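The structure appears below as structure tokens.
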Amino acid sequence: MKKSGIKWHVVVFLAPAVLVYTAIMIFPLFNTLRLALYTEVDQVRQFAGLDNFRTLFGDAHWSGQFWNALGNNFWFFFVHMIVQNPIGIALAAILSHPRLRFAALYRTAIFVPTILSFVIVGFAWKLILSPIWGITPDMLKAVGLKWLYAPYLGKEEYALTTLALISVWQFVGIPMMLIYAALLTIPEEVLEAGEVDGITGFSAFWKIKLPLILPSIGIISILTFVGNFNAFDLIYTTQGALAGPAFSTDILGTFMYRTFFGFQLQLGDPHMGSAIASGMFGIILVGVCIYLFGIQTRLRRYQF
Amino acid sequence: MNRKLLSLALLGSTILGSAAAAEVTLTIESWRNDDLTLWQDKIIPAFEAANPGIKVKFTPSAPAEYNAVLNSKLDAGSAGDLITCRPFDASLALYDGGHLADLSGLEGMNNFSDVAKSAWQTDDASASFCMPMASVIHGFIYNKEVFAELGIEVPETEAEFFAALGTIKADGNYIPLAMGTNDQWEAATMGYNNIGPNYWKGEEGRLALIAGEQKLTDAQWVAPYEALAKWGEYLGDGYEAQTYPDSQNIFTLGRAAIYPAGSWEITGFNAQADFEMGAFKAPVMNAGDTCYISDHTDIALGMNAASPNAEAAKTFLNWMGTSEFAGIYANALPGFFSLSNHDVAMEDPLAQEFVSWRGECESTIRSTYQVLSRGTPNLENETWGASVAAIKGSKTASDLGMELQNGLSSWYAPHK
């Protein structure tokens, strides 16, 4: 029997995924990068080379907004890294404790917000924190901490951190689940061997479990990074496209949306918007590359 | 796919319609889907009774999608004969793109003042391309019961206005002003552009700013920010996070005394509030000064340049200039006032109050809407932020004027 050189079944089985992925991911991505090189003069699209990027980084008005958004984005990411991921790891460690009762209930309760829509989360938290109808002022008053209350979402100094913490509340379930799964894969023998050597309790966590789940923590960090630099929904639903107060919650996603689609009397500018989107793409690409080549290759993996 | 089906259906219905009888069917594109029953039950029957042989269909789409849907329909040649016009640049772009017909010669146009027409004209006012329909007027709505309880007279001057706010605050039972800064636009629209015209003398100042003869750093443009800076202490606790619906609810629940308003609130407030409301216009500096009100042009109707039924469409547009149309529209939608020169009798007392100011004061429109919000940074959006900053006291009025002027000078030739 003669065998055909091309394995057709491979092509056939790959085709749907490749076609769909190309149509809805790869093509739009490259088209956006292309669009960033054009501009519109008198309703005619013209090739403009890198002019849009020159405006974005050279013009004081544009670059001011860009750096503000980028700075806010880094703060947003920083809050997630120092709050969401440690809490996620701690929760996973507690949940994986064999003597904990109702573990499944806690696991589900903590994970549920992750599957809620941003609109619901944003709206619910806006109501909870509202100075007029919210329960926060009364609850703080009940425990004698009324002085702690401020209209957090309306104050420039608190708004971004508050939103970051809301996002942490929503997504803390994801690192928890990933770490939980990683912790479950650690074989009992390793822990028992440690116990024989006198490593128990907290030191077992620090000296045995943590090194073994480091690759998972790396993955979580990069997922957080990509998620945060693509974030948009929560800010948009709570603060609107102008990301108030006074742009203090403006991140790259809202800046791009406002520019691309326009806002109120501002007409949309797809070309400048694409330039910002390209900038976001570049930043995420660099971040992911640093992780892949700088960190992941140095992580030690253990096989059992 | 849906859009294709829709346009096929529309196409089919026009063919069927024209085949059935030798009469013309006009289709109206609009974003006012709230007004569908008003058109079907009142406006269209009145027009068809007066103009046999012309049928009218009102086919609105969702407000947020209107501009995009309309543009694609116009490009595809499937748009209706009559097109509801957004004010200023959005419609001007359609006219420049050849989608809207020049209506300057229509006799119905004579029933409108220059200010009314300004939102739908070319920059040199040589061509008008939409027939003005309605405007919204700015002022303050107040709780009459609270005013009676505290013995406050309706304020006429700025000093009386702040004295009234002081009395309400001293009493402590009501929030003096129901407004928040979370959504930002209220501070600019119901704050700055509400009280501002009295300082910059309405059209005189607005046009001088567009011409480059006045600057945003001039006293008359900075002073409204100084007044707004004094509002902060009269807003409710935590106003920084108070949203637009919050403010509406606080007022209609009777927890606040004064609501900086636009007349579009009338219908909603009538339904929600169970106390008697009154309205007063933006306070003037000294008693007896000429008053200016923001009577903002909001909605108009234009003609698709590619319409095969141009004559019938013109008949309809001319009819819109009559007092009959003005009366039906204004009474069905209190708070959206006819822009025509006709004396329209309105039944709603609050709406009457608002519209009565037209007789006493000079009308103008929001200062940032015409021409000045064409570039980047966008003056309207910047004004939102500036008004909020003034109320919060995070920046001084003169700094705000300077910032806005710098932004405007960076792209607008007459200010360079």
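For all residues, glycine too, the Cβ spot is worked out from N, Cα and C.
What you are looking at is a predicted structure, and each value in this text was computed from that prediction instead of being measured.
Annotation source TrEMBL lists domain 'ABC transmembrane type-1' at A:70-293.
Annotated transmembrane segment per TrEMBL: A:12-30 (among others), in sequence order.
Beyond the transmembrane segment (A:74-96), the same-chain residues lying 6 or more positions past its ends with a Cβ under 8 Å from any Cβ of the stretch are 103, 106-107, 110, 160-161, 163-165, 167-168, 171-180, 182-184, 205, 209, 213, 217, 220-221, 224-225, 228-229, 231, 251. Under the heading transmembrane segment, TrEMBL lists A:74-96 (among others).
Under 8 Å from some Cβ of the transmembrane segment (A:108-128) lie the Cβ atoms of residues 91, 134-136, 153, 166, 169-174, 176-177, 233-234, 237-238, all in the same chain and six or more residues away from its ends. Positions annotated as transmembrane segment by TrEMBL: A:108-128 (among others).
If you look up TrEMBL, you'll see A:158-183 (among others) marked as transmembrane segment. If one looks beyond the transmembrane segment (A:158-183) by at least 6 residues along the same chain, the residues whose Cβ comes under 8 Å of a Cβ in the stretch are 72, 75-76, 79-80, 83-85, 87-89, 91-93, 95-96, 107, 110-114, 116, 118, 121-122, 125, 129, 150, 152, 209, 212-213, 215-217, 219-220, 223-224, 227, 231, 234-235, 238-239, 244-245, 248-249.
Long-range Cβ contacts of the transmembrane segment (A:212-232) within its own chain (Cβ-Cβ under 8 Å, at least 6 residues beyond either end) map to 73, 76-77, 80-81, 84-85, 88-89, 167, 171, 174-175, 178-179, 181-183, 186, 190, 251-254, 256-257, 280, 283-284, 287-288, 291, 295-296, 299-302. What TrEMBL records for A:212-232 (among others) is transmembrane segment.
What TrEMBL lists as transmembrane segment is A:275-294 (among others).
A Cβ distance under 8 Å defines the sequence-distant neighbours of the transmembrane segment (A:12-30), meaning residues of its chain 6+ beyond its ends; these are 281.
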